[in-house]
């Protein structure tokens, strides 16, 4: 295993891989640092650039974006008090107060170094645990896969911030989109209404770009040209004070338990399908506060808060990569795009991925590991530039990102049809956002739709007994977990409603 | 009994799922597969129909309950700008096959920038034009020349 990893590291250190990795990490850091530009959007924008590259170079670039974006978000957190990306949300709680206390450099570099160490610790798990996870996945039959996909969707729908019902409808809507076109078993046309436009179904990536990137930009445009009475006091334009990298690292390693625990929290949340970096950073922050000897200092510029949040969101990346490589299930929207990129490059991820493509698998591990020093180098060299980037106007950013979205959709198969699909789903995505439907379940439904159907039909073709879904231990356990996830979400929602009613004043 | 936004959304989704559900029952079955191509869509659409019906019901019931006061200081949203932005994107997509990528992109980036923040001075107009032309040129060179992605040619312009 270590031989393969070493080979992967030597392989990725070649210019043809190192350059895309470095470029991806750079774009990730910049994209992550721009408030309103999510990591998903950045990965989507970078995707068309990888079409012409070889698979490992393309995936190295995407891995770089993922790692860079997870760290870049902390810059806006610390300087503007706005999370550059949702994954950095908990960094804002202490990063911005620390900057306001006159230590923006300490806040940023604590975050950057905690990201590096959290990410590298996560890499250990990625390298050593993905294989055993894939071995477990090899034991899965179509029943278990079907149940696992159902669990993934139930968890995503249940963990959405808005209503559970809307989350479930959103999942079903995502599945519905995959039904259009030819059915995957017998190639019978379904819901095409005789139209050539949708005869082949909706291409996955233009739909994804439309629903996610377009809808996000349009939502950001709503807030443009309005009085910024709600924006927190900004520190943009401030110069970083003198600081010592050694001192910052000592500060981090003085609390090894905090670093390790935050990493494990991030990793576990990364492995669980589609919970995401924002949940991991908030959960690690919450845990750090609970275990801390000085919980009263949290929220006032406490270094422990920054370390926990940043170590966790970078470790989250390794957890998500583990799920995608072992099971072929995207852990979040970013890995969903990466899964799409793998398909474009002709790679089938899943339990056999590592054994059938060891060079590629260990190349991805190596890219993930090397992305961290790259990210550190970029932050050290370009921090002054990045401080200016956070103030790029949306009026400039939006048209450029939209052009890249259009190119990304068009370049997929060089037809305008993909662009029309992009526009159509841009409108659909925006309408759904405005109606309060969460997009994450929709995207998971969209990604897993075909696989769910194939595994369901395959299971029935193998044995027509429907009880097998429940009586096979792993499958039954997974379905039980899915039901428990929905019940827990309902219970949490009801508890929240009751609390709101109790807290309402009596007039 | 009044119906809210969720209720209307639920009704639309319910109608879509019921229409498609009827269609899914009409799909032909295959001799070699124990379940036909309509089996899985019927499950998904039934689930969606049930969820949509529940959403309508939830919305109707919520209108009976006393209304909780919303936060008064929620900032207003600029929906006009969103409609304009969608219209400009629509024009861009329509013009792409007619004017070609380079011309359509330069026009699109310029128009959208002007719509999002109207330039007031000659210098601001120059910056806007530079960004518009720069975006078209850079994306053309990177994609078409470096990554060998053939971008749309214009039926009217010939390039």
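The first residue you see is number 1, and the count goes up from there.
Cβ from N, Cα, C; glycine included.
Straight from TrEMBL, the features:
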DOMAIN    A:18-444  domain 'DUF112'
TRANSMEM  A:21-47  transmembrane segment
TRANSMEM  A:59-82  transmembrane segment
TRANSMEM  A:107-131  transmembrane segment
TRANSMEM  A:143-160  transmembrane segment
TRANSMEM  A:167-185  transmembrane segment
TRANSMEM  A:197-215  transmembrane segment
TRANSMEM  A:257-276  transmembrane segment
TRANSMEM  A:321-344  transmembrane segment
TRANSMEM  A:365-386  transmembrane segment
TRANSMEM  A:392-412  transmembrane segment
TRANSMEM  A:419-447  transmembrane segment
TRANSMEM  A:467-491  transmembrane segment
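Under 8 Å from some Cβ of the transmembrane segment (A:467-491) lie the Cβ atoms of residues 139-141, 143-144, 146-148, 150-151, 153-155, 157-159, 164, 167-168, 459, all in the same chain and six or more residues away from its ends. Counted over residue pairs 6 or more apart, the CB atoms of the transmembrane segment (A:59-82) and the transmembrane segment (A:143-160) come under 8 Å in fewer than three pairs, which marks the two as apart.
For the domain 'DUF112' (A:18-444), the mean pLDDT of the prediction comes to 83. Tertiary neighbourhood of the transmembrane segment (A:197-215): same-chain residues 40-41, 44-45, 47, 177-178, 180-182, 189, 191, 333, 336-337, 340, 343-344, 401-402, 405, 408-409, 412-413, 417-430, 432-433, 439, 442-443, 446-447, selected by CB-CB distance under 8 Å and a gap of 6+ residues from either end.
If you look at the transmembrane segment (A:21-47), the same-chain residues 6 or more away from its ends with a CB under 8 A from one of its CBs are 12, 60-73, 75-76, 80, 82-88, 205, 208-209, 212-213, 216-217, 220, 277, 332-334, 337-338, 340-341, 367, 370-371, 374-375, 378-379, 382, 386, 389-390, 392, 394, 397, 401, 404-405, 408. Below 8 A, the CB atoms of the transmembrane segment (A:419-447) and the transmembrane segment (A:107-131) form no more than two pairs separated by six or more positions in the chain, fewer than 3 in all.
Note on the transmembrane segment (A:143-160): residues 166-168, 170-171, 272-275, 279, 327, 329, 438, 440-441, 444-445, 448, 451-452, 455-456, 459, 468-469, 472, 474-476, 478-479, 481-483, 485-486, 488-489 of its chain, located 6 or more positions outside it, place their CB under 8 angstroms from a CB of the stretch. For the transmembrane segment (A:365-386), the list of distant contacts is 5, 8-9, 11-13, 17-18, 21-22, 24-26, 28-30, 33, 56, 59-60, 63-64, 66-68, 71-72, 75, 108, 112-113, 115-116, 119-120, 123, 126-127, 130, 240, 314, 317-318, 321: same-chain residues at least six beyond its ends, Cβ to Cβ under 8 Å. Packing against the transmembrane segment (A:107-131) from elsewhere in the chain are residues 1, 5, 67, 70-71, 74-75, 77-79, 91, 94-96, 98-99, 240, 243, 245, 248-249, 251-252, 259-260, 262-263, 266-267, 270, 301, 303, 306-319, 321-322, 325-326, 354, 361, 365, 368-369, 371-373, 375-376, 379, 383: each is 6 or more residues past its ends and has a CB under 8 Å from a CB in it. Using a Cβ-Cβ cut-off under 8 Å and counting only residues 6 or more beyond its ends in the same chain, the transmembrane segment (A:257-276) has close neighbours at 86-87, 114, 117-118, 121-122, 125, 151-152, 155-156, 159, 283-284, 287-288, 291, 304, 307-309, 311-323, 329-333, 440-441, 444.
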